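A.B. asks: Straight out of Swiss-Prot:
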BINDING   17, 177, 178  ATP binding site
BINDING   58, 145, 157  substrate binding site
DOMAIN    283-360  domain 'PUA'
REGION    374-397  region 'Disordered'
């Protein structure tokens, strides 16, 4: 794939990361309102074109520091957490206001490292974000600095943005930066430094080009952006770094402005399913009936109605093996219910399952995006199979 083949408007689900130094005027201690309004114009244009847009926004600690009139310098952990508590309110209000100008709702999501590393919490966070996107809102995501400690934090929003992109099967991650891409050397030091327009894969040479640049307002430099690229591209998400120091930075990318693309050979769904199939140890087994086998072969989700037996002890979000009535493995997936709850609702319709559990959560035992079908049957057409859920369109590059 060449640089000319890459068009921002071809992507369906886009995560945009905005750093503190772009959003906050450190001298005045205020948000750069005109710049943010221009960025919101760009986001609204993508939204009108039918794109799913997510924002990962830094700035809560910087805003809190300003609102509390704290002196410059490094903050202790508890000081950062207290500043974030004040700043998170301000940050949410700011994003809600600029997006509301375009008739777009904003939803605040505060996450910690464990929300994307532990599968149960991962599923909860992902389902919340998915519902916001379904309602055509823009999720505004930040690390929950009020509760994150040094041991369980990302420490930068570049890697958080990459995790969000992979969690939501986004096909593009945009890191808006104070530099317009990856250079062969630090451009502020070496006048001969050249912008690299496309990175096919993150090699040791590419990593060596990443300087350690950072600022008091921002915890991340180019090194964390390269780490983000490794996370994103390994999960099937393309990434680009572009300058956010101009008005309408997304439109500038569309118009062919300078940036660096990091390419992935896979799409998000393929990469995610490879991870489920090969990297996770199954904790249990779901045995399903013939109708559900047909449903899975047709690309549907697995509903409780099609499950006949539960084996093993597992929690929500654990990997399980799916077997057909003859005992052969049909596939593997991330189960949406614990073994106890799965046992209670097996063979039941979605309405009955919801009544038994006293909730109206996901009707699927395993969602199709969390399921890898490894053995296909010659089932012809799916006529009246139970255990069936109509598939939703998958994001694709």
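Cβ coordinates come from backbone N, Cα and C, glycine included.
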A.B. asks: Whole-number answer please: how many Å between the C-alpha atoms of residue 157 (substrate binding site) and residue 177 (ATP binding site)?
C.D. replies: 12
A.B. asks: Reduce the DSSP letter at residue 58 (substrate binding site) to three states and note it down.
C.D. replies: coil
A.B. asks: Just checking the binding-site residues 17, 177, 178: which sit within 10 A of residue 58 (substrate binding site), CA to CA?
C.D. replies: 17
A.B. asks: Going by DSSP, give the three-state secondary structure for residue 145 (substrate binding site).
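C.D. replies: The three-state answer is coil.
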A.B. asks: What counts of helix, strand and coil residues does DSSP assign across the domain 'PUA' (283-360)?
C.D. replies: 26 helix, 24 strand, 28 coil
A.B. asks: Can you give me the residues near the recorded ATP site, meaning same chain, not 17, 177, 178 themselves, Cβ no more than 8 Å from the center of the site's Cβ atoms?
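C.D. replies: After dropping the recorded site residues, what remains is 18, 19, 21, 22, 175, 176, 179, 225, 241, 243, 244.
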A.B. asks: Which one, from the binding-site residues 145, 178, has the smallest tally of other C-beta atoms lying within 10 Å of its C-beta?
C.D. replies: 178
